[in-house]
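Record features, source Swiss-Prot:
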{"type": "TRANSMEM", "residues": "32-52", "note": "transmembrane segment"}
{"type": "TRANSMEM", "residues": "79-99", "note": "transmembrane segment"}
{"type": "TRANSMEM", "residues": "117-137", "note": "transmembrane segment"}
{"type": "DOMAIN", "residues": "124-252", "note": "domain 'Fatty acid hydroxylase'"}
{"type": "MOTIF", "residues": "138-143", "note": "motif 'Histidine box-1'"}
{"type": "MOTIF", "residues": "151-155", "note": "motif 'Histidine box-2'"}
{"type": "MOTIF", "residues": "228-233", "note": "motif 'Histidine box-3'"}
{"type": "MOD_RES", "residues": "253", "note": "phosphoserine"}
């Protein structure tokens, strides 16, 4: 995060905000700056990626599903807008520790004999390490003592949209993001890679709420995609993983997505629409409005 803060200091905070007597390495200044940068970045990333996903990826026919809530999209957005600032407070404390040199983040790929190989392996290990921890944290949040108070708000959205991706109780949101911050305190990680992975995990979180269940057949047994996560929202006790199905298989919580078997929400909406159309046809109606008497054939 020091790369982002350095740029923010150079282009904005130092010339326009803080007095010259307040040094850039002052811990209070760093804390305030990180709060601003973290919140601004979170909102931009959320709204930009979720909006693109909602308009260009999300299947809007899912909004016809009976479990899709009234005003759900606006409710998802408002929940997220209220939660992100609270999530940022403990997150900034971890960013501050990284900024002040307590993590194993590094700048120079040449610091390691096999620099590029180490960098590639660190990406792979990051994904598997965080996937493992998120699985157990997520599963723990489903315990009856925690679920009602912390995780239940996220399960309000049985048929989620991309805007539900970050609609968490603040404690829930922070706990599920914690593995990403733990990793660089345990393992060396390049600073640019860390920022890239931070963006990636947020985009992935949006993608598993986008209702697009298309996954190449060869990856279906391994990747925990939107189809898996939608079943988690609807059925509660399955598919806790973030990226992969590995820990769900180990933990006995894996469920083959119902959508891959033609039993998911898309199929439900399709069948519901077909039945509705057939019913209108049987009654000699060309449209729902005509059948409901909202206008006459002469109109």
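Cβ coordinates are placed from backbone N, Cα and C, and glycine is handled just like the others.
Residue 253 (phosphoserine) has a Cβ environment of 19 other Cβ atoms inside 10 Å. Taking the motif 'Histidine box-2' (151-155) as a whole, pLDDT averages 94 in the prediction.
Under DSSP, residues within the motif 'Histidine box-2' (151-155) fall into helix, strand and coil as 5 helix, 0 strand, 0 coil. Residue counts for the motif 'Histidine box-3' (228-233) under DSSP, helix first, then strand, then coil, are 6 helix, 0 strand, 0 coil.
In terms of DSSP secondary structure, the domain 'Fatty acid hydroxylase' (124-252) contains 87 helix, 4 strand, 38 coil.
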